[in-house]
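Have a look at the structure below before the remarks.
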């Protein structure tokens, strides 16, 4: 027994006329199945926008949650239904309601690679660093999966690039799974390549262990370049300091000479 009702099946199939007849006949608009799925939830899941409009018009709870905590907005984000998601947002859907495992709509959109969904959620106030119970952020999952277009959207905001609660960084996530383009983009964005994870490994060491020597080589090259740049900057500072000292000494000598000349003139 699934506990599903006729309205649920009509909403799932996108049969708007039947949905209307059932509602007019007194069918409970939010009657849920055994897993908590409501007619609204399944209509969002199957991308039946006209059915969703009708259900909300009849008072369906836009924030009703499955047993696992997922909302209608969550399932729209997971499945990449952009128009559906925009409509739900226009009706006041909360962008930050999480599943029981603490995954947010932005988190699931990032995992699935839905860049346009991520953009809409962020523009509507989604928490950029909302973590799942394992400590992974939306950016971490996008880097883990190699979704560069999603990463571009997330990097427009102030993402956490440091060590995360899961003991890794977003760079470690990309390096471990061989996503060179993602690694390059993160380095370009300014991520610290020297950070070590909970196992005391840099991203370069982790990628080498995983068999992605091309990523390790890239990161090691970047590390050497950074050392050279740092050394050059230090050298430039020393030169500038030396020049300043010489100028100060020269100025002091000129001042003393000027005072001596004045004394001789006044004498």
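Cβ coordinates come from backbone N, Cα and C, glycine included.
The compositional bias 'Polar residues' annotation in TrEMBL covers 233-256.
Sequence annotations record features per position, and here TrEMBL assigns region 'Disordered' to 227-267.
Residues 40, 42-43, 45-46, 48, 50-51, 54-55, 58-61, 64 of the same chain lie 6 or more positions beyond the ends of the repeat 'ANK' (2-34) yet place their CB under 8 Å from a CB of it. What TrEMBL lists as repeat 'ANK' is 2-34 (among others).
The repeat 'ANK' annotation in TrEMBL covers 35-67 (among others). Averaged across the repeat 'ANK' (35-67), pLDDT in this predicted model comes to 98.
Marked as repeat 'ANK' by TrEMBL: 68-100 (among others).
Each residue of the repeat 'ANK' (101-133) gets a DSSP state, and the totals for helix, strand and coil are 17 helix, 0 strand, 16 coil. Annotation comment: TrEMBL describes 101-133 (among others) as repeat 'ANK'.
What TrEMBL lists as repeat 'ANK' is 134-166 (among others). The DSSP breakdown of the repeat 'ANK' (134-166), given as helix, strand and coil counts, is 15 helix, 0 strand, 18 coil.
Marked as repeat 'ANK' by TrEMBL: 166-198 (among others).
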Helix, strand and coil counts within the repeat 'ANK' (35-67) (DSSP): 16 helix, 0 strand, 17 coil
Secondary structure tally of the repeat 'ANK' (2-34) (DSSP, helix then strand then coil): 17 helix, 0 strand, 16 coil
